[in-house]
Amino acid sequence: MEFSEKWLLDWLGFSISNVFYEQMTKSGIEVEAIAKISKNFERVIVGEVVERLYVNTMHNIVFLRVKLSEKKMIFSISSNDIEFSRGTKIAIATQDSKLFNNRLISMLRFKEKISEGMVCSFKDLGILNIKNKIVEICSEVPVGTDISKFLWFDDDRIIKVSSAPNRADGMSILGIARDMSALNNLCLPTLKEYHINITNHEKFRILINIPDVCLNFIGRTIQSVNLNRQTPLWILERLRRSSISSENVLVDIINYVLIELGQPIFSFNIHGIVQNIIIRTARDNEQFFDSCSQRVPIDKRTILLSDDKEILVLGNHTNSYNSRLSLSSHNIFLGCALFNPEYINNDSHFNFGFKNKITEYYSRGVDSDIQYKALNYVTYLVLKICGGNASNVVLANSSRVTVIQKKIFVLKKTLHRYVNNIISDTLVVKYLLQLGYLVEKQKHCWLVIPPSWRFDIQIQEDVISDLVRVFGYHNIPACALVTNYKLVHDDNIYTSLNRIKLLLVDLGYNEVITYSFVDSQIQKYLFPKRKQFFLLNPISRKMSSMRLSLWNGLLSSVLYNQNRQEKVMRFFESGLCFEEDGNEYLGVKQDLYLAGVISGYKNETDWRSFNKIVSFYDLKGDIELIMALLRKLDKVSFKKMLFQNLCPKQSAAIYFEREMIGVIGVISSNISKKMGLKYKTIVFELIWKKIAQSNDYRIRDVSLYPRCSRDISIIVNDSIAADEILKVSKNVFLDKIVEVKLFDVFYGKNVGLNKKSLSLRFIFGSSKRTLSEEIISNCLNECIRILQEKFNAILRDRNFLF
């Protein structure tokens, strides 16, 4: 936000120095830059039109007699396209003047008259790039006054500030003036009340169909306005110094009030008699065309204003084609809304259409106490400049939701714990009253109600931080930090995790560290049915939600590297994730996760290997290596399970014994397309706590006797998981079978439709004796019999048929 220093001074009762701006930055409204006003002209003065003499149609100029002082009168020229009336005060450039681009004025002789000056347009002075708009001066300014003094070119500066997303008061001159007045122990500035003469008795109703979102709405109509009037120079210049260009007089007035008060005002053209103004959301298949007749996409969550027939304006103040304002508009509607920031900050609930500056004001919160005054202020300026007949203000309150000022208890012990007993009870009450709070002192606490412009004050810690701002951070003595955290030391968890990280690095993975706050839209793609936790004060929109999974950061890393022509991508990350749990503190549970992703090719291009795309089994093998290192592979299984964000036939749940500990699968094509992933991408995620806490270290003797292996091939239905067959095989004669491995899977015509051939290797051994061929054969036959009974397995080797 940018504004004129003089504009801010109008609201303050004291002078400004650089110390003031340091104080502003410390208070939470950061001063980014202070710049002097660039003046593109010199010695241009105020003159008064006395008489219009004659017109030179050939050169399209008009001669004027202009009064520069009580004793001096000159002839001046101007474009014939501009109308002049007697007594109009204008900017005059004489022979001593220097205009924009160092242009000088020369005398012009015509019909024995010599022109000694020129009427200046905004373009001549380098203020606005509008050639046929002359600079009109208000009648109170004496003739002969230097224009630069009238416009404060010599002693004004442009201030650029930014405030935190939760500070709605930092987006207006009034809000900044309030904050700085409180910090300097001065009375808070108040908005002047303007009395409006009611000369228009048109009646209409305002209906709120979304009471949870729109808390109230006020509006009025003004008839017979003249929008061809020129915006006063003092408004134009203040807008220019706020980097806002002029459109028309009504838009200029509304922008002026927006910057000064932080109050957005709806304005649109009305045709005939309006009976109802309805605040609602868009209907199914409803279309909206803006003032340029361009179609704007809207949906059932889009907030808008309509009459009984059509949409008039979107919630972001985008007028429809039929309600657009033009210089020929005579009847207008002005309105002011109070929206609930809790609903509109979350895009999944409601929106105003496309985002713009207006939506930022609404998302931060609008001061409900000055709505009526702000509407009257705009009305006053419109009537003064453009004329017209104003109606009464019509008010509509939400039927189910009212504006309730939040009551907060600030405990003395909490305050003293943070600031170490250095702010007395008397100062607490004094500072809170300075800041605009309502305060009631009680025995062990203060009951406070925040001011209407501070939507960010929610808990007692917010109030305490406000107190410290006024008291001064430099006055708080430094002391050692005291925490109430109970740290649970479980070195085994982190030792195991560090060991696994080394393994993954050896396998070609790179560790990434990403923020715990992620893009809510990407997270919605991945987990459409899971509840998200949104931040009230996000750093940016791409960091607005707490992560439910590590996949958000990993997929973003893949996308980043993919866009830089990387083709071998293997990443892993460990960190906390957050999910809803009513039994936990604040209803949020956090767990440590380990996750990984592979995408692109298996290896770099090399003469020894082919460019092979990664597959599901590549990542499954890496997970099995992790489990083997943790000595848990024999208790881990992969079971088919459907996940919305993964491909149905290439995803599985990972189980440790009977408990689900993770997920593995290929990212679905739908999500890959939305995110722009070029290659097949496979991910996994493990709840680390569930597998790291139960490490069993058992000592056993190494067998002195030789081992023997046997291979078999069986045919089973394709729907039977190989893991189930391995489990059953391992449970047969556990004291003799050392290991069972699957070393081949085969599909073919000879096997049969919906059938598959599995080749198993049995490794027999005993720690007590050497197993004879008879014992090994009996064990293997028993295992085959059980497989036949349980899975209808067919042995491919006929020597083992019964």
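Cβ atoms are placed via backbone N, Cα and C, with glycine included.
Its Cβ placed at the centre, Asp466 (Mg(2+) binding site) has 25 other Cβ atoms within 10 Å. Residues or ranges marked as Mg(2+) binding site in Swiss-Prot: Asp456, Asp462, Asp466.
On the 0 to 100 pLDDT scale, the domain 'tRNA-binding' (38-148) averages 77 in the predicted structure. Residues annotated as domain 'tRNA-binding' in Swiss-Prot: 38-148.
The annotation domain 'B5' is assigned in Swiss-Prot to 403-478.
What Swiss-Prot records for 703-796 is domain 'FDX-ACB', and it gives sequence analysis as the kind of evidence.
Look at the binding-site residues Asp456, Asp462 and count other Cβ atoms within 10 Å of each Cβ; Asp462 has the fewest. The domain 'B5' (403-478): residue composition by secondary structure is 33 helix, 13 strand, 30 coil, according to DSSP. For the domain 'FDX-ACB' (703-796), DSSP puts the residue distribution at 28 helix, 32 strand, 34 coil. Other than the site residues Asp456, Asp462, Asp466, same-chain residues with C-beta atoms no more than 8 angstroms from the centre of those residues' C-beta atoms, the Mg(2+) site, are Pro450, Arg454, Ile457, Gln458, Val463, Ser465.
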